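Here's the structure we're looking at; comments come further down.
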């Protein structure tokens, strides 16, 4: 269901038996990953390979890590996510090669209806997030639904990324804005 809905602006119900089962499965794998000793790298990565849609050969995701489904997440080679990473992957989330993410960052493909009645019924929307190659994302950054971050980008700590960021720039702020080319 999430695969079909993430390409449109359509609202859809946040819960169904199928989606609830898929989220429970992902939460179980996240819990298993988060409970392992930090030195158990092979076991941790095996869980993430099972959880994610695609991984590069070399990656490290620090504990704790949380996601909604996992199968909508693709990470490239030489990927690093520090402690406290959250990926709400109701739509596709792709990370290129050589991506470094600081602590407490969130990637949120999902949002709630703005209409009060629809929101109270649990209606949501989702849009994919894409992060290019050679990207560094500072601590406590939030990336919102539908955003593309280009190649060679640095996003400053504490930013809220609401719109696309072009290649080879430094950007920061709330909302995140390009401050210079690099």
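Note that Cβ sites are derived from N, Cα and C of the backbone, with glycine treated the same way.
Quick caveat, the model's predicted, so the values are computed rather than measured.
Taken from TrEMBL as is:
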type	residues	note
DOMAIN	3-57	domain 'Maltose/galactoside acetyltransferase'
Task: Give, as a single whole number between 0 and 100, the mean pLDDT over the domain 'Maltose/galactoside acetyltransferase' (3-57).
output: 91
Statement: For the domain 'Maltose/galactoside acetyltransferase' (3-57), the DSSP residue counts stand at 33 helix, 3 strand, 19 coil
